[in-house]
Structure formats: C-alpha cells, structure tokens
Amino acid sequence: MADAETFAFQAEINQLLSLIINTFYSNKEIFLRELISNSSDALDKIRFESLTDKSKLDGQPELFIHIIPDKTNNTLTIIDSGIGMTKADLVNNLGTIARSGTKEFMEALAAGADVSMIGQFGVGFYSAYLVADKVVVTTKHNDDEQYVWESQAGGSFTVTRDTSGEALGRGTKMILYLKEDQMEYIEERRLKDLVKKHSEFISYPISLWIEKTIEKEISDDEEEEEKKDEEGKVEEIDEEKEKEEKKKKKIKEVTHEWDLVNKQKPIWMRKPEEINKEEYAAFYKSLSNDWEEHLAVKHFSVEGQLEFKAILFVPKRAPFDLFDTKKKPNNIKLYVRRVFIMDNCEDIIPDYLGFVKGIVDSEDLPLNISRETLQQNKILKVIRKNLVKKCLELFFEIAENKEDYNKFYEAFSKNLKLGIHEDSQNRTKIAELLRYHSTKSGDELTSLKDYVTRMKEGQNEIFYITGESKKAVENSPFLEKLKKKGYEVLYMVDAIDEYAIGQLKEFEGKKLVSATKEGLKLEETDDEKKKKEELKEKFEGLCKVIKDVLGDKVEKVIVSDRVVDSPCCLVTGEYGWTANMERIMKAQALKDSNTGGYMSSKKTMEINPENSIMDELRKRAEADKNDKSVKDLVLLLFETALLTSGFSLDEPNTFGSRIHRMLKLGLSIEEDDAVEADAEMPPLEDDADAEGSKMEEVD
C-alpha cells in the first residue's frame, strides 16, 4: 500500500461522532438501514449513468449489495457495486466538509429526537460508529484508482491508495470492526431480520454470506455384509423393506453461500390487495427514513394512453423543514420502468403537497430524461395532474375517520390553505377539506359543507371573522348583531387564512363575507328598517362631529347595524386589508413599505345609537358643538375601538395617559395633587380651556 495521508475531521463532524460514540442509544440497529440506503443511492447513480453510457458498468456489470458477517475477526462487511468514490469524494464526503444537516441533526438530538432520524439529515454514514469502534472503507470509482479510508473516530482519518488489496472493479466495501458488546450484528438471523425490517424494498438484490451445514448420508456396506453372513438369519424380504432397513452413516459438511434476503419484487408492481399493512409500513419507512408508520396510503395504477404506477403516503406529522424554501423537494421518487431516475423532481407535485411521500414508476417517460427536458415533458404534466387528484382522494378517505383527520389537519392544514391560494383548478375540492371553529361548533371543528347545512332560512352568505386567535375573536364587537340574530360565524385565526380567503370568494354558490368589513347586510323587518332610519337621522349630527374630530383617521362615520352592546367599532373597506391582515403585513420583515399605504383600508367608524355612552355624547354635542370633553371622549373611543377591532395603536403611551386621566377624574383626584411625572400627560379637554390646547391627537 502507498503512504497514508492523515486528515482531521471537520469540527461539527467531530462533535457528531463524539455524540454518537459517547451517548447510549437503544436502537443502534438503524446503522444497517443507513448503510444499505447509502449503497442503494450509489447503485442508483451508476445505473443512471449507464443509461447513456453502457461502458460505465464494465468494471462490474452486476448491481448488488453484499453483507458478510465474520465471526472469526468480529467484523461486518457491506459491499456494493455502486458508483464508488474518488479520493476527493472520500476526503470531502467522509470527514472534511460538513453537510448542512450535521448541525441540525445534533440540535434535534439535543432536543430529544430519535437517533433513527439520522438519515433525514444526510449524515447516515456516521451511524456505523453506533456499533463499530473502527471503520475501513475501500472504494473504486470509474474515474480514479482504488482508495482506502480508515478511522477510529478519534478526531482524524487516513486515506491511502490501495495497491495490494482485492480489486473491487467498481463500488465500495465497508468493514465495521464491531464493539465487544455489539456481536449480535454478526448473527445471521439478526441480520436477516434487520434487512427484512428496514430494507426489504430496496430495488437491488441484498445477499447475505451464510454458513450452511449439510449432512451427507453414506450407506454402511460393511455392516450390510455382516448382516448377510449371520447364521440362520437368511430370510427372503422384498426390496423395499431392504432399502428402508439399510443403515446410513451421516457426515457433516460446512459450506458458505449467498442467500438473497429481499426476495420481494418492487412493492408498487404488486396488486394492492396482496400487500398487508405491515409491508406498506416497512416500505414507507425505507422510503422516508421516518421512524413512525404512515397515517394513510394510496396505491394505484393509471392505464390507457399513459401508464404509470404509484404509491403515495401521508405521514403522521409534518417534517421539521416542511416550508424550507431553500431545500429541494425529495418527497417523490421517480422511476422509469423500474429504473430510479431522480428524487428531487420539482414538477411532479405542487409545493402545497410537499409533505406527501411516495414513488411513481412511469412506463412512458424516456430512460435518459434529464431535469431540463422534464420541465417540458407533457407526460409529466399528466402524471402531476393525476397525483394531485389521487392526493385529494386520499385526504377525503382520511376525513372519513374523524380522529385520523384531526391528526392530519393539525399537521397539514396550512398546506391545504396554501393549496386554496395556489391551485385554482382544485380550489373548490380543497375547500371541502377545510375545518374551522365557529360560534356554534364549541370545541369541535366544522366544515364549510356542514356550515351550509346549518344556515338559517333565507341566509345566502357564509359569515367569517379573521383574527389572531379564537380567544381574540369570540367576543369581538363585530359578532354582536350576528350572534343576536342567530347567524353562525366561522373563526379564521390562522395567519394563512387571510391569504386563502382572498382567493376563496364563495362556496357552493354562497358568498363568503367578512364580519369586519364594509358591506355586511343582514335581513331586517320593516319595523327594524324604520327604526334604523330614525336613529340615523337622530345621530347624523354626532357622526359629523366625530368625523371633524378624527379627520383623516377615518373615511366616514355612520350609524352601525352590526354592534349591539359596544359603543362603536372600526370596519375596513370590502377590498382592502382587514385589521388582522394589517397586523400580519406589519410583521413581515422584508415587506414593501409602500404597499401598506394603499392596501391598509381607510377605516369606517360605526357607532351604536342604542349605547348609553353614544347617547350621552350626542346630547353633549348637540348642547355645545365646541364642548372639549366631546373631543377627548371621541379620541378615547376611537383608540379603544382600534384595539377591540383588532388594530394596533401607533402611540400606546398616549392612550395609556388618557386612561390614567380618566381614572383620576373617576377618583376625583385634582390635577394639582398629581405627581410631577404626570405633567407631560395630555389633560382631559373639560379640565380647563387653557390646558385643552395641550391635548394630543393619536392615530
């Protein structure tokens, strides 16, 4: 062998190795799954390359994974005839360059995640150190010579050109020198069970080098001769009886042979009725690196002008990086006639279904298809359309079981709402899957379909309110009249609801109407209409006074027919942002500051003519239009309405000061008795004309 070069592990990898070696994990068995998975990936790569250049397979025409337990040396060897690694690959991939998932995996472990998640973070190779204290990797790539990588995980590793070892032709051989307490992993039975449990559905043959003891039977001729010579015992017997009574001598002989462990053909090629739940679960785990079983599965084939088979899985929970836009999707593996092509095809499924895992095997796509030509491929567009249709079918199947659907909705409701926003073609279908709390649903969630069945006679609109939380909206002044008249209102309290509802204008012909925007019209009797007109006339003067005081803060002031108990509320324009949307947009770190100006609707102040505060204010305004207490109370009511209507205050301190002044008035504390710190506080307008000019208006 040539001289060895020594390299130091990159700091994060060193930390990871230290964590793996020094922490006790009960499920160390996952190392085999990870190493077989890596071998499978290497085989995928060489098979893909060979589609356009058959000579790539010359070094080793067969594609396989071999597992060799060695009880004499206490080693476990895994060999694959995959693409192999160059010297640069060895140095970079196995030690000096940390993958992006290294740090995230350590953070996940620290947060109590299971070590079996290691494959999801792209650092599965290092799981070998769960069971081995030394690992030797021999590898041969078509573009380089054969090299040996070796490390006991003590902070460094060596790489040597292999001049004397057995030639691999092409591929990788990994020898694990097992720790003393991990000898179970050289037991045939244990290894077979592990392959069947975790790697049954790998697309390449996985063979185990097994020891067989066979017994050879040799007839004992000498004993037979003695029998024949015995005196007085010569009898006539038939030939069959003679054969049965022949004595045999057994000799034990030990042999070795390859035993194929994963005998199943690809699961998607079998009929769904032939596959049990456990097989689907095992396939899902090997496909997704998840340690939990799936929530639901859809196995189907499409035939006709276009042929493909697919299996789609819905996980039980959302992955940690579900909405990570920088991460390439790898949820659907694309095969062409059983040959793996790629697992990061962005065009095969829309973003909002990025949580669905699965495999698609097409009979029609060309084997040598590239990512560039995929984008233009009409067949792929048809496959995508079918996958979306089948995903939605699967979600409706999950919805038949309330408990399962609650789990699904908790994990993936944001994806469905994103679908409403993005997928105009299936918007109506996705809308049927949405669930909300409402004024009549209690702790249960209700669907739009169920809402429609409960609608009052003559009701033609679906009412909803958006806000920060259920608690924040359930006692909103906007709901007072609706509740009083017996209308059900949906609570849309997820930030993404604002975006989704902007696209979902109606459901089953019923318009969706916001309780917080202009344009809310409720059915009225003739008496109610007459009374409303009278009150409108009676409070016209006060509306004008309030508008004069507030100026540009509001677009108009009108008599409300939506508030029953509260003195007033602030509604937004039908096509502008709601208070909740304004709050969401203000929280956007990279927002366009110019957008806020024209999208933040002008507010309309609606006053409640039957509220005692408003009635008293009307009397004061009629008695003296210039009464300064009217101005102060109007400002206070406006700021309070901002809060109860879901807006934020631009100057909360000034609002606080007004409240404190009110408290002093209520407690009959004279201004002279106030502490000096209150000197800057805006006084109430009725205290003194001179001080009135100090009053600050607040937006």
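Backbone N, Cα and C define each Cβ position, glycine as well.
Between the listed ranges 133-159, 430-456, 457-483, 673-699, Swiss-Prot ties the annotation region 'Disordered' to 673-699. Thr172 (ATP binding site): 24 other CB atoms within 10 A of its CB, across all protein chains. Its Cβ taken as reference, Asn93 (ATP binding site) is surrounded by 14 other Cβ atoms within 10 Å in the chains shown. Reduced to three states, the DSSP call for Asp80 (ATP binding site) is strand.
For the binding-site residues given as Glu34, Asp80, the lowest number of other CB atoms within 10 Å of the residue's CB is seen at Glu34.
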